[in-house]
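Q: Here's a structure for you.
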Amino acid sequence: MRTIDWNDESNSIVMIDQTLLPMEYKIIECRTLESLCEGITSLRVRGAPALGAAGAFGIALAATLSNADDMDILTEELKAAAHRIKATRPTAVNLAWGVDRTISAIPDAYNLDGIRDVVLAEAKNIADEDVKTNKKLGKHGARLLDDGDTVMTHCNAGRMACVDWGTALGVIRSAVDAGKEINVIACETRPLNQGGRITTWELMQDNIPVTLITDSMSGHVMNNGMVDKVIVGADRITGDAVFNKIGTYTHSVLAREHEIPFFVAAPISTFDPNNWEDTVTIEQRDSKELRFFRDLQIAPADVKVYNPAFDATPMENVTAVITEKGVFYPPFLLDELIA
Ligand SMILES: CSC[C@H]1O[C@H](OP(=O)(O)O)[C@H](O)[C@@H]1O
């Protein structure tokens with residue numbers, strides 16, 4: 001089962017509900033645009049490439065559900081759906097990229113059913129391409145890892161953050177496939193613990209050795225020579241910064257201090273040449289995520305909370321960016337890289 005897919009029989013979106021992992025593996029179906037948007041905002045589906053596919057399938061779902069009897073009306077409805085989907089999470093550029101690329105297929109249609117067909121075909125193309133892209137990216141990145149390396153990662157940039165295979169974990173999987181022994185240190189990644197819940201679960205399923213640590217331990221493990229390389233995913237890459245899960249910046253500073261290579265693995269669709277660090281919106285999430293873990297209260301119910309979902313890592317802290325087109329070493333010109 002891919003992380004997210006289209007069900008041709010019910011004309012709906014199916015996805016693994018990641019909020020339940022690792023305790024429960026449950027596949028859910030989104031039959032309405034609102035249920036998809038809820039799934040995105042609640043992180044039932046999450047991770048930049050997976051959000052790209054979710055946005056694309058969201059347009060296909062809106063087209064399928066529409067009762068419009070006119071191409072222009074349907075087109076306007078899909079543009080409204082695009083706006084609604086993009087509003088769910090502002091930082092991961094892939095969400096808007098997947099929506100916009102699917103909407104851009106509409107002019108290829110000659111009638112109402114044609115619109116429904118072309119947007120669904122484009123969404124399926126985006127999903128299929130993501131898997132191929134991650135495998136290419138993984139092979140490029142695998143050459144940067146040495147046999148016996150211990151690699152630290154943050155959050156989840158595995159197959160659950162993509163349609164399949166993964167980006168940061170895709171590099172690790174490709175290195176293991178190439179016969180290299182790789183040990184992973186996974187940071188739990190508060191407050192939603194994508195690392196502790198999902199990365200560990202993925203790697204244990206693949207029999208890749210993984211050790212879970214708290215985010216606050218990263219300096220200690222680096223200072224004690226326990227980390228050979230750091231590899232993370234990304235939600236948006238601008239010319240001057242990498243936007244990724246909160247805590248990534250901290251690890252990058254520590255890696256630089258300890259002269260440990262800090263790699264970012266991301267497809268070209270995560271690159272954003274139109275923005276800079278100071279123009280990107282960082283998603284602010286609900287205070288409840290810090291006051292409670294699931295239903296367990298872990299802080300005063302009325303304590304003031306600051307809960308940004310992402311931070312910005314300056315490109316000068318990044319050793320290399322790994323993409324499906326190859327490995328790029330900063331400083332590089334974004335326009336040339338994505339051309
Ligand atoms: C391969 S992109 C994964 C990227 O997305 C995650 O954020 P979220 O779990 O909030 O969607 C995190 O930043 C990962 O590095």
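Any Cβ shown, glycine's included, is placed from N, Cα and C.
TrEMBL: automatically predicted annotations, no manual curation.
Got these off TrEMBL a minute ago, pasting:
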BINDING   Arg46, Gly47, Ala48, Arg89, Gln194, Asn244, Lys245  substrate binding site
SITE      Cys155  site 'Transition state stabilizer'
ACT_SITE  Asp235  active site, proton donor
Q: Give me the CA-CA distance between Gly47 (substrate binding site) and Cys155 (site 'Transition state stabilizer'), in Å, as a whole number.
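A: Distance between the two Cα atoms comes out at 10 Å.
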Q: For Gln194 (substrate binding site) and Cys155 (site 'Transition state stabilizer'), determine the Cα separation and express it in whole Å.
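A: Per the Cα atoms, Gln194 (substrate binding site) and Cys155 (site 'Transition state stabilizer') stand 5 Å apart.
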Q: Let me know the largest Cα to Cα distance in Å among the substrate-binding residues Arg46, Gly47, Ala48, Arg89, Gln194, Asn244, Lys245, as an integer.
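A: Value for the max Cα separation, rounded to a whole number: 17 Å.
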Q: Near the Cβ of Gln194 (substrate binding site), how many other Cβ atoms are there if near means within 10 Å?
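A: I get 26 for this one.
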Q: Of Arg46, Arg89, Asp235, Asn244, which is closest to Cys155 (site 'Transition state stabilizer') if I measure between C-alpha atoms? They're all recorded positions.
A: Asn244
Q: Far apart in sequence but close in space: which same-chain residues, 6 or more away, have a Cβ under 8 Å from the residue listed as 'active site, proton donor'?
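A: The residue listed as 'active site, proton donor' has long-range Cβ partners Ala48, Thr91, Ala92, Val93, Asn94, Phe243, Asn244, Lys245, Thr270, Phe310.
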Q: What three-state class does DSSP give Asn244 (substrate binding site)?
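A: Looking at the DSSP assignment, Asn244 (substrate binding site) belongs to a strand.
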Q: For Gly47 (substrate binding site), what is the tally of other C-beta atoms lying within 10 angstroms of its C-beta?
A: 31
Q: At a 10 Å cut-off from the C-beta of Arg89 (substrate binding site), count the other C-beta atoms across all protein chains.
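A: For Arg89 (substrate binding site), the count of other Cβ atoms within 10 Å is 25.
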Q: What count of other C-beta atoms do you get within 10 angstroms of the C-beta of Arg46 (substrate binding site), across all chains shown?
A: 27
Q: Including all protein chains shown, what's the count of other C-beta atoms within 10 A of the C-beta of Ala48 (substrate binding site)?
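A: Neighbour count, Cβ to Cβ under the 10 Å cut-off: 29.
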